[in-house]
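Per TrEMBL, the feature domain 'Response regulatory' maps to 4-117. According to TrEMBL, the feature 4-aspartylphosphate maps to Asp53. What TrEMBL records for 130-229 is domain 'OmpR/PhoB-type'. The DNA-binding region annotation in TrEMBL covers 130-229.
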Amino acid sequence: MKERILVVDDEQEICELLKDYLENEGYEVFVAYDGKQGYERFQQEKPILAILDIMLPLMEGTELCRKIRNESSIPIIMLSAKKSDIDKILSLGLGADDYMTKPFSPSELVARVKAHLRRFLQMNVSNEGQAVFTYENLQIDSKAHKVIVDGQSMELSAKEFALLHFLANHQGQVFTRDQIFDHVWGFNEYGDVNTVTVHIRRIREKIEVDPTKPKFIKTIWGVGYKFGE
């Protein structure tokens, strides 16, 4: 069965261009031209990755991203014609995993799609023997891609989940930001090690009682981060 990808953009030319490129790589692609239709197609087709433009009619791309993230941990790539929109996406913490500004290289986007899917699928098959990792009041379900704190499910993006999962699997081991970036992102088309800091801050805000005094992901000053004691 082919892996399904959803493309939502109000520019038909971009949708058709990405559809052609992605189908040539063996993916099954579904397109939508507004946010409302995009959400309907997401629910109907159950894609494994979504590519969303930030400016969409009927429902903005930011809202569509938020709705998808509330229901799924699939990778989400956001598109925008303005760099300022990318800054907005980052500041809102919507849970998107990657960002590209128009115009962009279709080949570069395809490369990012492959990288995100490779890591997402690896996460799905990892830890088959121990599907649920438990540390104090925190549970990480690698099969369901869920994080539960005190019995309450937390909404993490695919990258946030991958980062937390990676550190938890190496409990007590200290990693530099470069090491974390290389493992979780694994490519340098967009972002840098500061992305690690931003994602860890967001994870702490979601899973810690007091994010300023974290008990799960701890900062080792001058070195990096570790999970637990």
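Glycine residues also receive a Cβ, built from the backbone N, Cα and C atoms like all the rest.
Heads up, TrEMBL stuff is auto-annotated, nobody curated it.
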Determine how many residues of the domain 'OmpR/PhoB-type' (130-229) DSSP places in helix, in strand and in coil.
-> 34 helix, 24 strand, 42 coil
For the domain 'OmpR/PhoB-type' (130-229), what's the model's average pLDDT?
-> 85
For the residue listed as '4-aspartylphosphate', which residues in the same chain are close in space, meaning a Cβ under 8 Å from its Cβ, but six or more apart along the sequence?
-> Val8, Asp9, Asp10, Glu11, Ile14, Gly61, Met78, Leu79, Ser80
